[in-house]
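The following features are taken from TrEMBL:
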| type | residues | note |
| --- | --- | --- |
| ACT_SITE | Cys333 | active site, nucleophile |
| BINDING | Asp242, Asp280 | S-adenosyl-L-methionine binding site |
| DOMAIN | 129-382 | domain 'SAM-dependent MTase RsmB/NOP-type' |
Amino acid sequence: MTPAARAAAAIGVLDRILDGQVAEVALTNWGRASRYAGSGDRAAVRDIVYAALRCRRSFAARGGDGDGYGLVLGWARESGQEALFSGEGHAPAQPAKAGRIPEGLEALDCPDWLAAPLQASLGADFAAVMQAMRHRAPLFLRANLARTTRDKAIAALADEGIVGQAHPLAASAIEVVEGGRKVQASAAYAEGLVELQDAASQAVVEMMPLRDGLRVLDYCAGGGGKTLAMAARARLQMHAHDAEARRMTDLGARAKRAGVSVKLLGKPDAAAPYDLVLTDVPCSGSGSWRRDPQGKWALTPERLAALTAMQAAILGQAARLVRPGGVLGYATCSLIESENGAQVRAFLAEHADFTLEAERRFTPLEGGDGFFCAVLRKTATP
Ligand SMILES: C[S@@+](CC[C@H](N)C(=O)[O-])C[C@H]1O[C@@H](n2cnc3c(N)ncnc32)[C@H](O)[C@@H]1O
């Protein structure tokens with residue numbers, strides 16, 4: 001496919017997404033219907049689609065319209081490729097609208113209602129963080145320290161043409177700078193030497209005070225990213241639970257590949273009390289909008305309020321499962337204060353038997369996704 005035909009394909013995919021399809025579904029459907037498209041074409045179309053979803057507001061301004069055509073034209077204008085819109089062959093039609101240079105929140109691709117809460121949380125970093133969110137996230141791997149060292153994992157990846165560099169956010173973090181598309185087919189991945197995991201997500205796990213022998217529960221395990229990262233750090237009695245058990249379907253196989261043992265629990269209190277309970281709660285996902293840009297535009301004040309209520313309920317339930325003297329970890333991939341520090345302070349106001357031991361916020365300015373993590377200690381006497 002020519003670059004212009006790829007732009008035209010991206011327009012079609014974006015129109016499906018704007019009609020309500022999930023981005024991944026729309027891309028898969030397009031791929032199935034376009035047998036002529038090679039892997040390079042698919043990757044290029046995907047990149048344009050995701051860029052347009054991340055920068056939906058500013059590209060609509062530049063392209064003169066918020067439909068697929070306008071968004072891809074906005075992308076082409078921002079990246080100096082307007083000549084792709086020639087109307088010749090498979091190229092998109094020549095532009096009829098001039099568009100305009102986006103300004104303020106529009107230029108930052110920030111929904112109006114989110115500016116106040118994000119400015120309140122991020123302060124002087126607000127504009128830089130929103131700018132960073134306009135670009136794709138780096139690809140990070142976690143060296144599985146249960147099986148290898150980070151340096152050996154980097155060497156094993158290099159043997160397969162994948163160039164990785166140690167990243168300062170976490171002792172296990174590797175940033176892939178070349179050959180990222182080969183990772184999932186690599187022997188290093190198949191043998192469990194590395195896992196796909198954001199660097200800040202790894203840093204959150206490093207904040208958990210883990211040591212051999214501890215009885216640990218990952219209360220919101222989902223696919224098990226943090227479960228496996230915790231299990232790799234020490235010889236734990238590791239338990240995983242999720243309200244939607246089907247999310248943990250692959251966790252057994254992933255644990256086996258990683259060489260760690262995890263017990264899946266239908267009921268979180270089945271093995272209580274625990275030395276440490278991690279609650280990686282459902283959240284706005286505002287820290288990972290680079291990877292899931294549809295979430296930025298779909299979030300509403302009502303949804304945010306429902307999420308904060310759910311987070312408070314989960315914290316309260318999980319707190320009861322921690323043994324006296326044990327630890328409750330609280331994590332979100334959010335940059336919004338009501339889900340982070342404010343949530344922890346509200347918990348502490350109601351739970352006099354807990355104290356705050358550590359708290360940290362991560363933003364994309366450090367390279368990884370936006371995250372928040374608090375470590376809460378339960379008093380030793382019940
Ligand atoms: C942010 S995701 C977890 C991601 C996972 N820890 C990881 O690192 O891959 C939040 C998870 O919480 C689960 N969840 C939602 N409500 C819950 C509840 N009341 N109790 C336990 N899990 C819940 C969701 O099903 C979802 O899988």
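In case you wondered, yes, glycine gets a Cβ from its N, Cα and C as well.
Structure coloured by features recorded in TrEMBL.
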residue	record	CB count, 10 Å
Asp242	S-adenosyl-L-methionine binding site	22
Asp280	S-adenosyl-L-methionine binding site	25
Cys333	active site, nucleophile	27
Over the domain 'SAM-dependent MTase RsmB/NOP-type' (129-382), what is the model's mean pLDDT?
97
Could you state the CA-to-CA distance between Asp280 (S-adenosyl-L-methionine binding site) and the residue listed as 'active site, nucleophile' to the nearest Å?
8
